[in-house]
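J.: So Swiss-Prot has the following annotated:
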| type | residues | note |
| --- | --- | --- |
| DOMAIN | 1-83 | domain 'Core-binding (CB)' |
| DOMAIN | 104-299 | domain 'Tyr recombinase' |
| ACT_SITE | ARG145 | active site |
| ACT_SITE | LYS176 | active site |
| ACT_SITE | HIS251 | active site |
| ACT_SITE | ARG254 | active site |
| ACT_SITE | HIS277 | active site |
| ACT_SITE | TYR286 | active site, O-(3'-phospho-DNA)-tyrosine intermediate |
Amino acid sequence: MEFIAQFLEMLLAERALSKNSILSYKRDLLDFQHYLAAQKISELNITTGNIRKWIEYLASNNLHARSINRKISTIKSYYAFLISENHTKFNPVLNIDLPKYQNKLPIILSIDQIKLILEYCSKDNTPEGIRLNAMINLLYASGLRVSELVSLKLADILTNNTSKGTVRKIFSVLGKGNKERVIVINDQAVLSIIKYLEIRDFFINKAKSKNLIYLFPSSAVAGYMTRQNFAILLKSVALYTGLNPEHVSPHILRHSFASHLLEGGADLRVIQELLGHADISTTQIYTHLHTNHLKKALLHHPLNKNSFILS
């Protein structure tokens, strides 16, 4: 545990990773150590063969290849750290090939389904409904990560640090790895936020919070609505609108934002910047979605063999 604590401190100090990323590293490392303990293997006397057995163990527990790859990468980084600190001279993961897997195309909502959600939320004039309407409009208009959305501060989106400020249509957020990027939102999102700001005090009073810096304050430990709570609210909207709750989540709204931009003719590099992807290959998944969309559209072409027969 001592080495793990040192490694996590290094990640926090040098790589500026988010709390969620640090927790993910910690879980992977603790799971790995539990495995080693069960096998009576010392982490400082481990072999590449031991690592291969561990990977086989993970696969036998039906862990997805993507998750196995993440765990392997975590352990590889951990041993690189141990070497740099002179705790060991050997990285047993160095020559391990990552399992191959097929990228699944992300689920997206159609534009009509998005409209259905927004229309439903716009009719709920309770404080909770007005807040949810603002959050969904903002998420779909911007493609923010859910962690970025819920932790927005008044100063991020308003011209001054009070709820009386003007809502910016263009503002900046700090994304993964503390990388700043520009966010642009539409008029509908702006109007929904303005309406929400009129009743925001309801949530401040409800939370009995003295921390007024967050756009969406709550009684949660962090001072703002949790990602989990927002996801639950989205599921309830799906049920009320007749949509599959499994197909309505913050991340699916982000996917839908990107896919709809591409369908509308936006440049892939622009979408990459808006999403905050470090690598364009991550964004290219949406081109496959767009291709599938075009293929389905072509099924309705009059010369398609399934719908039109030449005499």
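Including glycine, each Cβ sits where the backbone N, Cα and C put it.
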J.: Around HIS251 (active site), which of the listed active-site residues (LYS176, HIS277, TYR286) come within 10 Å, judging by Cα atoms?
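T.: Checking each Cα against HIS251 (active site), there are no hits.
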J.: Pull the DSSP breakdown for the domain 'Core-binding (CB)' (1-83) and write it out as helix, strand, coil residue counts.
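T.: Secondary-structure composition of the domain 'Core-binding (CB)' (1-83): 67 helix, 0 strand, 16 coil.
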J.: Any same-chain residues 6+ apart from ARG145 (active site) with CB under 8 Å of its CB? Would you list them in sequence order, or say none?
T.: GLY175, LYS176, PRO250, ARG254, GLY276
J.: Whole-number answer please: how many Å between the C-alpha atoms of TYR286 (active site, O-(3'-phospho-DNA)-tyrosine intermediate) and HIS277 (active site)?
T.: 12
J.: Cβ atoms within 10 Å, counted per site: which of LYS176, HIS251, ARG254, HIS277 has the most, among these active-site residues?
T.: ARG254
J.: What count of other C-beta atoms do you get within 10 angstroms of the C-beta of TYR286 (active site, O-(3'-phospho-DNA)-tyrosine intermediate), across all chains shown?
T.: 25
